[in-house]
């Protein structure tokens with residue numbers, strides 16, 4: 001038993017779980033938990049999908065989140081989607097490197113876009129297009145990475161979304177609207193974060209706003225340092241501007 005544990009006394013699966021960045025970790029956990037609850041008949045898919053009427057007329061607000069968590073019952077298809085979701089979500093979150101606010105803002109942008117477009121394309125579950133969005137962004141940011149499909153087809157990372165779309169079409173016989181939608185939303189994010197800034201003096205329209213950074217990370221340290229410096233300067237001015245004490249007159 002001890003031989004299965006690492007230096008920290010954890011099992012490999014436990015180590016793998018805690019090494020994931022925070023957003024990827026809880027998204028993966030919620031996905032597996034959601035599938036487990038449906039498998040145990042504690043929930044049904046009809047309680048999880050997104051419906052404008054159910055959310056905004058019947059106040060079933062949890063559907064805004066659960067639509068991104070359910071990929072189907074336990075099966076090889078579920079394992080395949082969880083693997084892709086966890087892998088590319090983790091790679092993107094780790095490569096962002098700056099702060100949890102940036103990756104969580106990407107998720108918020110993608111989820112909001114999908115929720116807005118869902119009623120027009122009749123797509124009740126949005127986990128697949130969200131995963132496709134992350135796969136597309138990662139593939140465009142790693143143009144020189146070589147990929148392999150079944151050890152036969154070798155291609156560079158930017159072709160990965162299109163290979164997945166082709167495989168899905170061959171397996172199911174229908175055009176995968178969910179993956180195409182993910183590519184469109186992912187390309188908008190990639191363009192305004194990677195292509196647009198060098199052409200417009202570094203401007204990034206889709207960077208997280210300050211209120212989002214404060215919500216996710218708390219008050220930035222830079223602001224606290226500036227406030228402390230400002231308070232110190234104010235105190236110095238206050239001391240310098242204080243009137244000198246005048247000795248009491250001698251009444252003798």
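Just so you know, glycine gets a Cβ as well, placed from its N, Cα and C.
Copied over from TrEMBL, here are the features:
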type: TRANSMEM; residues: 26-49; note: transmembrane segment
type: TRANSMEM; residues: 61-83; note: transmembrane segment
type: TRANSMEM; residues: 103-126; note: transmembrane segment
type: TRANSMEM; residues: 146-171; note: transmembrane segment
type: REGION; residues: 223-252; note: region 'Disordered'
type: COMPBIAS; residues: 238-252; note: compositional bias 'Low complexity'
Residues from the same chain, set at least six apart from the ends of the transmembrane segment (103-126), whose C-beta lies under 8 A from its own: 21, 23, 27, 45, 48-52, 64, 67-68, 70-71, 92-93, 96, 133-134, 137, 177-178, 181, 185-186, 188-189, 206-208, 212, 216
Tertiary contacts of the transmembrane segment (26-49) (same chain, 6+ residues out, Cβ under 8 Å): 17, 20, 63, 66-67, 69-74, 78, 82, 85-86, 89, 107, 124-125, 127
